[in-house]
């Protein structure tokens with residue numbers, strides 16, 4: 001049996017105007033409160049960057065000559081110790097979590113010790129009074145460093161800080177070797193062979209060497225007047241006046257262009273051998289240090305890399321064997337491969353000399369390629385400072401299994417570089 005559907009007429013209800021008014025009023029109050037809370041939250045949590053230049057005196061059981069040279073192993077160790085002391089001081093302070101970076105830029109000798117020059121960068125709520133912030137920073141450094149355990153032994157009373165602007169802060173950073181201001185893609189594993197372009201300012205020491213205006217090789221800026229590159233780049237093209245160097249993440253447009261005054265090819269390089277494949281190019285004029293253009297660090301001659309250590313190689317080279325030069329700079333993450341492994345019969349069968357190093361993967365795929373020659377292979381230390389480990393030299397095609405990229409080992413030529421450039 002079907003049930004019939006009963007339809008009842010709805011009684012229309014009228015709402016009094018005063019009720020509508022109350023509802024509208026309450027809605028406006030709720031909306032105003034929400035807007036106020038949002039504005040307060042944004043304003044309270046908006047942070048302003050504070051840059052400071054700081055100095056502090058310290059004494060050490062090491063001689064200044066042992067750690068005073070930028071980028072040396074002892075310089076890195078001393079810098080890390082002092083930076084760690086400063087970070088710990090702020091960790092137990094009202095500014096906990098607001099110190100973004102403490103970075104030693106240099107040491108200078110004093111009569112009764114050593115002066116550390118340091119940059120401090122904070123991200124602090126914009127509601128805080130700048131004068132109050134300055135006083136808190138001074139107080140923390142003066143009081144908390146009293147409890148820092150050395151070595152080195154810092155003098156908290158010697159601490160001085162000076163507020164500087166972003167331009168000044170960038171200028172200090174850019175005169176330090178191996179610093180990178182833009183690192184948005186450093187964690188990605190992309191390839192030069194089939195990879196994606198990097199962003200401007202990511203690898204500021206990368207240079208393009210051009211013969212009559214056309215890209216021929218990569219190179220690496222090691223100070224404002226010298227490039228390191230591969231000797232084979234100049235095998236048939238030796239006239240410095242026809243060479244130029246450009247900087248930036250694209251071949252066109254160029255960020256900066258300068259001429260080449262002098263080329264120094266290692267005296268033991270003899271083609272077709274790949275040994276001693278290193279050269280220096282002196283720029284016709286010093287290049288200014290900016291976020292987009294500045295030098296990499298050079299490792300000590302006795303520095304040793306560890307198997308599996310992460311490195312990056314960059315260049316404008318081809319995406320595949322016998323391919324074309326790319327307009328955009330590319331990067332690839334590779335691993336350091338020890339010489340014994342690289343000299344196995346299935347790899348290079350003893351061809352790797354003490355002046356070479358291998359980096360890549362035995363499974364292939366990720367590698368440098370034609371047009372990348374002379375470019376940098378770099379690795380970072382514990383302070384996130386980047387060092388030139390190798391110079392793109394040679395390999396068996398590009399990205400082939402058991403045929404990793406072969407690079408000129410920079411540590412093997414550290415004294416040669418110093419004798420020719422003073423660096």
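Any Cβ shown, glycine's included, is placed from N, Cα and C.
Keep in mind that what you see is a predicted model, and the values were worked out from it rather than measured.
Range annotated as transmembrane segment by Swiss-Prot, chosen from 19-39, 40-60: 19-39. A Cα-Cα distance of 18 Å separates residue 232 (active site, charge relay system) from residue 398 (disulfide bond).
Cα of residue 74 (N-linked glycosylation site) to Cα of residue 398 (disulfide bond): a distance of 37 Å. Checked against residue 165 (N-linked glycosylation site), the recorded positions 217, 223, 233, 277, 342 differ in C-alpha distance, with 223 being the nearest. Listed recorded positions: 74, 233, 358, 373. The one with the lowest count of other Cβ atoms within 10 Å of its Cβ is 74. In the three-state DSSP scheme, residue 277 (active site, charge relay system) falls into the coil class. Neighbour count (other Cβ atoms within 10 Å of the Cβ, all protein chains): 22 for residue 232 (active site, charge relay system).
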